[in-house]
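Enquirer: Sharing a structure below in structure tokens format, with a few things to ask.
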Amino acid sequence: MSSFYELESREDKFIGRPAEAGLFLDERRRAALAKADSAKFSWFHAKVCCAAGVGFFTDAYDLFAINIASTMLGYVYGSGTIKFLPKYLPYLNRNQDLCVKVAGPVGSLFGQLLFGWLADTLGRKRMYGLELSMMIFATFAQAVSGSSTAISIIAALTMWRFIMGVAIGGDYPLSAIITSEFAPAKIRGRMMTVVFAAQGWGNFTAALTGFIITAAFKTTILRESAMTNLASIDYMWRILIGLGCVPGVIALYFRLTIPETPRFTMDIERNINQASADIETILDTNNPPPEEQNIIRIETPRGTWSDFIAHFSQRSNFQVLFGAAYSWFALDIAFYGLGLNSGIILQAIGFGTPVTQGVPGVYQNLKNICVGNLILSVAGLIPGYWASFFFIDKWGRKPIQLLGFAMLTIILTIMGFCYEYLTATTSATKVFVVLYCLANFFQNFGPNTTTFIIPGEVFPTRYRSTAHGISAASGKLGAIIAQVGFAQLKDIGGPNSFVKHILKIFAFFMLTGILSTLILPETKGRSLEDLSNEKQEGFVKENFSAWNCQFNRELRNHEFTR
């Protein structure tokens, strides 16, 4: 590839010659993007990871805190009863529990499609911060929700959790694309994994916060006069949910100050001057922010619906989109089916079931649920993310995804077919919990991480966020199906009697995930332009709006006049 200065020596040939000028700008584009791909990790890259990661931390906290909060809600507003030996405790009935748990994933599905498209249309930066502001507002609104004659508190929470879900959904394509487009090629996998790994810490923090709140309210709970008057727990779930605003507020400033990605500026806004200046600033953080550059519009393929259909009508491109979307769909059936119902599963196998009666049993049950979720997070979720971090840029994405799906198929098959034996005795139950932790480990050292990373790499810039949103929305569709199915099926034949068969169903979908992974490309160490499956030489067309500018001495300063 010719250097800029080699091209500069030919400036006289460019005057009034669009073909020569187009070639020059085409090579300049590739040179600038190659420079970004080969950059060393810097403070700017760390800032991107932190800004995106704190958002994902908040996403996970808000989504998975409901796993604990739903039990608290049941004690205050529930209309059902669940049998704990030898006493009955109130809980949310099946429809109530389903509404508060599935509203977030349903909202996420819409948010992923909407914000994915908007980020490719209006820009990554313009959307980044808007979705986080929505999330903060909806989370706070949940914490102060109440009931009235016209609407129940469960209905109000369902509405706010849907809005929160829309915002969380928008965070998936935005954080993935912003991180991937700023990241050097050699460490792109690790940067994206660091961002996504914050989800594990969010899950852990939700359980830890629930445990601390439960311990802090122990005396107050035990002073309650009767099972029908557990007013202190109404404070607990509101504090648990409301604290989810805090990390979001911290992250908001950093998100609002992140610049637009050079790839969006280059290929969608088609402003090569500004994109080149932004890359130089990113590579040298000591430089002041670049001044607004003279605009020269290059002619590159434009993102239109007809072009979108034409691009993904090609078999090789559709295959990648289908493989990414279905892999995420299959994974989320098990990930959310297990993650949002871990408390139910732990109770179903008798792990941590309270032995005390009445009000003391309420405290013990809440404590056990929090401890159980802490164990699952520490023993499986968090180690899995960081195992992916260490191997993602060594082994590659595809081997890790195949390993994860294969191990999940085996583990869930054992848990399903051996369920009766694994829940028969106390020691056998411990084996079940170990297998549950292993399943969590291989979800994250496997497809839960890679299904987030791969769609952020394999599509052209003009459709990268839209296609990532489609893939992520496919995952949330799987999460919704899993949650609705789990709620409708688990009590067939008796309380929690169908759980063993649900685990077998999860195992089947993990097997299908192996097949969808096989049609995906390996992305390790490759540039985003190479992965786009589009020819990069001649990507800038001859017919651009500034072809007739005078290529004079201003060329030496990278300035153009229209």
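Keep in mind that glycine also has a Cβ here, set from the backbone N, Cα and C atoms.
Per TrEMBL, domain 'Major facilitator superfamily (MFS) profile' is recorded for 48-524. Annotated transmembrane segment per TrEMBL: 134-156, 194-217, 237-256, 325-351, 371-391, 403-422, 501-520, in sequence order.
Buried or exposed, and what's around them? Tell me for each listed feature.
Expert: Counting same-chain residues at least six beyond the ends of the transmembrane segment (237-256), those with a Cβ under 8 angstroms from any Cβ of the stretch are 47, 50-51, 54-55, 57-58, 61-62, 65-66, 68-69, 72-73, 76, 128-129, 132-133, 135-136, 139-140, 142-144, 202, 206, 209-210, 213.
Residues 330-331, 334, 349, 428-429, 431-432, 435-436, 438-439, 442-443, 445-448, 450, 499-504, 506-507, 510-511, 513-514, 517 of the same chain sit 6 or more residues outside the transmembrane segment (403-422) yet have a Cβ under 8 Å from a Cβ within it.
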Enquirer: Can you work out which residues elsewhere in the same chain, 6+ from the ends of the transmembrane segment (134-156), have a Cβ less than 8 Å from its Cβ atoms?
Expert: 58-59, 62, 73, 77, 92, 96, 99-100, 163-164, 166-168, 170-171, 238-239, 241-242, 244-245, 248-249, 252
Enquirer: Take the domain 'Major facilitator superfamily (MFS) profile' (48-524) and average the pLDDT across it for me.
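Expert: For the domain 'Major facilitator superfamily (MFS) profile' (48-524), the model's average pLDDT rounds to 87.
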Enquirer: Near the transmembrane segment (371-391), which residues from the same chain, at least 6 beyond its ends, have a CB less than 8 A from one of its CBs?
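Expert: Contacts of the transmembrane segment (371-391) (Cβ under 8 Å, skipping residues fewer than 6 from its ends): 64, 67-68, 190, 193-194, 196-197, 199-201, 203-204, 206-208, 210-211, 342-343, 346, 351-352, 400, 433, 436-446, 448-450.
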